[in-house]
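Note sheet for the following structure.
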Amino acid sequence: MSLSVRTASAILVCLSLRIGKVANSWFPPLSNQQNVTIKVKTPFASGRARADRHRDGENRHRMNEIVEGLLKAGQLILTLDADLIEISLRSLRVTLTAVLISSLIGLPLGCWLAVRRFRFRRFVIATLNALMGLPPVVVGLIVYILLSRSGPFGVFGLLFTPTAMIIAQVIILTPLIASISHQAIRDLWAEYHDLLISLNTSRWQRICTLLWDGRRALLTASLAGFGRGIGEVGAIMIVGGNIDHATRVLTTAISLETGKGNFALALALGFVLIGLAVAVNLIIHSLSRTERSGRW
């Protein structure tokens, strides 16, 4: 019995030694000088890399679209595109007509308020100043209601026509021009008051004198009205309808073309609008310089 136990123990020892040698031959032990780098690729890391590459591609695509749009916009301006010219001329025609009518109403009104003293004068001046901040969308809504078929002026069929756009702009621009001209003529009247009274001039002679001597300030008021009117979009969109070849102007066309994704035409129209605004500001600056130097 003891012999068999000893034999079994010896056999187990031999087997364990044999298994150890085989394991060492298959998996050699690592020495202290060996460096092992294990790279593990996880789904999260690869997905993030793909997302970064996709984002970079989208950014490059957007930049290419912007550059391409700018180049096409410049080409449309240089080649005098027919749609661009048509929309620009219509905008100028509508705005200049509205500024002319507003000036014919606002300039004498502002001068009259500066010279004339009456009971509700302060109330009228306060009303004009308040109307300067009237939201154009509200003006467009009021004009739309008045000119619609169910409105009091619906029989004239003016809705969605350039005439309706001019009416809306006149309502917006008249308080602005009247307020600016009133401020300019009031300062001039304080300077000329004693002289005109001593000459025993009539009220209309005083007004004509003030209008002539304050012509630079009054022209500045009209130009300020033009700058306000050329950039108007809310009221024009409501009463004009943005109809192609009929009531589409610079601002409404920019809004439409941007929504359609036609950035080339939208940018070209925007450049024309910016050019008009800059030209008006340069003229106003030139007028202020001539006024300070005493010329014209």
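The backbone N, Cα and C atoms fix where each Cβ goes, and this holds for glycine too.
The domain 'ABC transmembrane type-1' annotation in TrEMBL covers 88-284.
Using a Cβ-Cβ cut-off under 8 Å and counting only residues 6 or more beyond its ends in the same chain, the transmembrane segment (94-115) has close neighbours at 121, 124-125, 128, 162, 165-166, 169-170, 173-186, 188-189, 203, 206-207, 210-211, 214, 218, 221-222, 225-226, 229-230, 236, 249. As annotated by TrEMBL, transmembrane segment applies to 94-115 (among others).
The transmembrane segment annotation in TrEMBL covers 127-147 (among others).
Note on the transmembrane segment (153-178): residues 90, 93-95, 97-99, 101-103, 105-107, 109-110, 113, 128-129, 131-132, 134, 136, 139-140, 142-144, 146-147, 221-222, 224-225, 228-229, 232, 235-236, 238-241, 243, 246-247, 249 of its chain, located 6 or more positions outside it, place their CB under 8 angstroms from a CB of the stretch. Under the heading transmembrane segment, TrEMBL lists 153-178 (among others).
Among the features that TrEMBL reports, transmembrane segment is placed at 217-243 (among others).
Long-range neighbours of the transmembrane segment (263-284) within the same chain, counting only residues 6 or more positions beyond its ends whose Cβ lies under 8 Å from a Cβ of the stretch, are 65-66, 68-70, 72-77, 81, 83-84, 87-88, 92, 220, 223-224, 226-227, 230-231, 250-251, 253-254, 257. Taken from TrEMBL, the feature transmembrane segment covers 263-284 (among others).
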